[in-house]
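What follows is a single structure, written as structure tokens, with notes after it.
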Amino acid sequence: MQLLELVLMLIIYDIYFFSYFKNMFPVKRNHLLFYAAAVFINISITLPAYLFLDHRVAVFFIMGSIMLDIILLFRVNRVQIIFAGSVYMYSIYSSRGIICSIYSMVLHTSIQDVLQNDKYYNAVTALSVLLSILSITFVRKKIVPDNKARYAFTNNEQLGFTVVCLISQLFFLMFINDGRFYNEIKSTWYSALYFGASIISKLCMQFVFHHTAKVVELLEYELHTRKLQEQLSSQVRHYQSYRKFTESYRKFRHDYKNMMTSVKVLMNNNEYEKAARMLDDIHDTMQREVLIHKTYSDNILLDAILQDAANACGEKSIRFSAHALLPKDVRMSELDIVRIFSNTIDNAIEACSKISDEERFIEIAGAGTREWATIEIANSFNGELSLSGGHLTTTKVDKEIHGFGLHIIKEAVEGLGGLVIIDPDQEKRIFKIRICIPRSS
């Protein structure tokens, strides 16, 4: 009966954690049978370890079984694998320490006696699983919401720091737990010590999770600032280019008046050949002296972003075309324009760089109705998509930086009351993203 209840608690705990990890990591195998197999693998390793091995060794066998399951189900790196195993084990181990200590202090008996009593043991196991689930849920709701956790999990440096803290706290609690085997230690004092150590340990880890969330926020702010600085520099270059264009045009216009006066005189004197040659000279002068300034948008900042994109595409052999009109009644700040379009175009250029030169293209087009302004960005890509919790994630190696791209776009557009519609066609290998922003009435 004790084993049956232990298996039931393990199944509940595994289902909760696997559903959490499914929301965090890109899924490798999504069929329900694979999740059932993962639960079976964990139970098959945990039960023999629990029955036949020293508890100090069993802890690491259980961690190993969870890490094996994570490899089976999700696309993860080494740090993420170790994090999954350590947070699974630490959470249940620290919760068990709290529940055992409370039982011991209430019943005025030792922790060892509590664990050797089948009735108490089953209750401790059930309450430990419940406390673990509640504590993780509290972290998800109040300290590190899932949308922030996804990006924290792509930052190997911060996640590695969290893993070190988890494993250190696990060793600390295992050391405290060994005290229950020493009869010379007063049980009341030891139970209070174990309870306090488990509570403090959980609070420390809450602080670590909070710290990780704050670092992720600062990283996101830094990325926003960096993008803004890059685009402000781009805008300055655009203004300088436009100034050179207007200066060359003014110079040509001054000469043009004099030349056209001469053409008029020649025409009046019936010297048509000379007039024709002079017109050819005027045309050649215009082509030579007036700088060509191609306009992609009626918004000067968006035009600057698109000018830079055109230059970058030229360097990477990407066919680029853009005609993005932005109505004046669309309430977008310069920061919104930078956040939305620079990230979208960066993602498109990155996707194109992964395929052959002949297939590369980026097309940007604007459209609209009386209520909405829509800009569609279409680009070729290799057909590979990475999903995490139903959301597209980056496939770039430098995930801690590039993982914010789509997140920033959606945050900015939705903040304006708009919509981001992502439409990837894996068969045709064309990725489309439509940005719909409401027009003010």
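Easy rule for this one: first residue shown is 1, then count along the chain.
Heads up, the Cβ atoms here are built off N, Cα and C, so glycines get one too.
Note that this is a predicted model, so its numbers are computed, not measured.
Residues or ranges marked as transmembrane segment by TrEMBL: 6-25, 32-51, 57-76, 88-108, 120-139, 159-176. Per TrEMBL, the feature domain 'Sensor histidine kinase NatK-like C-terminal' maps to 333-435.
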Are the transmembrane segment (6-25) and the transmembrane segment (159-176) close enough that 3 or more Cβ pairs fall under 8 Å, when only pairs 6 or more apart in sequence count?
no
In the same chain, who gets a Cβ under 8 Å from the transmembrane segment (88-108) while lying at least 6 residues past its ends?
13, 17, 59, 62-63, 66, 114-115, 120, 123-125, 127-129, 131-132, 135-136, 166-167, 169-170, 173-174, 176-177, 187-188, 191-192, 194-195, 197-199, 201-202, 205
Against which stretches of its own chain does the transmembrane segment (6-25) lie, if we need a Cβ under 8 Å and a gap of at least six residues from its ends?
35, 38-39, 42-43, 46-47, 50, 66, 69-70, 73-76, 80, 84, 88, 92, 122, 125-126, 129, 132-133, 136, 140, 146, 149-150, 153, 388-389
Over the domain 'Sensor histidine kinase NatK-like C-terminal' (333-435), work out the mean pLDDT and round it to an integer.
80
For the domain 'Sensor histidine kinase NatK-like C-terminal' (333-435), what are the DSSP-based totals of helix, strand and coil residues?
37 helix, 36 strand, 30 coil
